[in-house]
Each structure stands twice: as C-alpha cells, then as structure tokens.
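Listed features, source Swiss-Prot:
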BINDING   GLY17, VAL18, GLY19, LYS20, SER21, SER22, THR34, HIS38, THR39, GLY65, ASN124, LYS125, ASP127, LYS156  GTP binding site
BINDING   SER21, THR39, ASP62  Mg(2+) binding site
MOTIF     31-42  motif 'Switch 1'
MOTIF     64-78  motif 'Switch 2'
MOD_RES   SER179  phosphoserine
MOD_RES   THR187  phosphothreonine
LIPID     CYS200  S-geranylgeranyl cysteine
LIPID     CYS201  S-geranylgeranyl cysteine
Amino acid sequence: MAGKSSLFKVILLGDGGVGKSSLMNRYVTNKFDTQLFHTIGVEFLNKDLEVDGHFVTMQIWDTAGQERFRSLRTPFYRGSDCCLLTFSVDDSQSFQNLSNWKKEFIYYADVKEPESFPFVILGNKIDISERQVSTEEAQAWCRDNGDYPYFETSAKDATNVAAAFEEAVRRVLATEDRSDHLIQTDTVSLHRKPKPSSSCC
C-alpha cells in the first residue's frame, strides 16, 4: 500500500482456550492449526488492510488467558486502540468472565473514557454443535455493558473472523484522532510499541 497508513493496536482478551491465537492466525495467515498451544505471555502479528477507504496496519496482540500469566500480559494493554473481548460459546464460564476481562483491561490500559472506548465482543467456536451460551444471552450482555458490536466466529472455518476485525478498525476510526497513528507504509516502524517478552504458538 502506498502513501500513509494508520497503525492501530488491537488486543484480544479472554479466558485461556477460547481460541484467541487461532482467531489471530486465521485472520492474518488464513490458516487454522489444531496443534496451537496456549500462549505464554503475549505475541503479535501485523495485518495490512483497507477499510472504507482507509489504509490501516493492524497490530493484533494475543494474550495469555491464564491467571498465572497476568503479570506478563497486563503491561502490554497500554496503547491499545481497541479490545476484542473473546469467549467460547461452548464454555459458559468464559462468557461469565467477560466483565472481569473488561475491568482488567480498563484498569491496566488506563482507559480515560471507558464509556466511549471501542470494545468488540467475539463468541468463538460456533462450529461446535453443543453450545452453552445462546446468541440472545451474548447480545443482551453487549447491550447492557455498552451497546458493543457482537460477532459469532469460528477460527476453524473462518466464519465472521474478517468481519469482526474490520469492525474493530471502524470503531477506532470513528473514535480516534488518526493523526496520532499515521505512519509511512513503505517504512513501517513499530519501535514505539513494546515488544513481547515471551511468546509461544
């Protein structure tokens, strides 16, 4: 892409095992790996795209969902432009924990205006037939907690994955002053963002 692009930092949060790494890899590489291990700490991948005429470099951060990795993941919340809160539709506990993930992010990211911060909610693993969280339950949570957009996704068959990430970009574009994010696309520098201290597939 020629000219100027916007660099957006998007972070995936949610319980371990809900498919955050698979969603990131499906979107960036269009691949699904059944052998992915739980993330240790954080890792990120970049994706260049055009949304509604805007050229964007999306820096997608995947975080470890296990409680014991909290000290590793929370320093990387700062500077995020959007947060994708993720649960698995076949795991009701991961859905119930969304509020805790939201609170953790707002606190450690030092979000100044939580009411207007762009969150997108993902209900992953809809390819699994036996689900514990209904579409209506998830939609009601989104309405009650900030009228957030909700996508039911499957990293396995790519259902709604691209649509969810593109909506995240739209939400950022609608709320952010893009002048703070402009970069030259032919010399993309990520030095202003922290690098992961530890990562795993």
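Using N, Cα and C of the backbone, Cβ positions are placed for all residues, glycine too.
ASP127 (GTP binding site) is surrounded by 14 other CB atoms, counting those within 10 A of its CB over all protein chains shown.
Cα of GLY19 (GTP binding site) to Cα of ASP62 (Mg(2+) binding site): a distance of 10 Å. Cβ neighbour counts within 10 Å, taken over all protein chains shown, single out ASN124 as the most crowded of the binding-site residues SER21, THR34, ASN124. Figure note: comparing Cβ neighbours within 10 Å for the binding-site residues GLY17, GLY19, the maximum is reached by GLY19. Averaged across the motif 'Switch 2' (64-78), pLDDT for the predicted model comes to 70. ASP62 (Mg(2+) binding site) has a Cβ environment of 25 other Cβ atoms inside 10 Å. Here ASP62 (Mg(2+) binding site) is compared against the binding-site residues GLY17, SER21, THR34, ASN124, and the shortest C-alpha distance is to SER21. DSSP assigns ASP62 (Mg(2+) binding site) to a strand segment in the three-state reduction.
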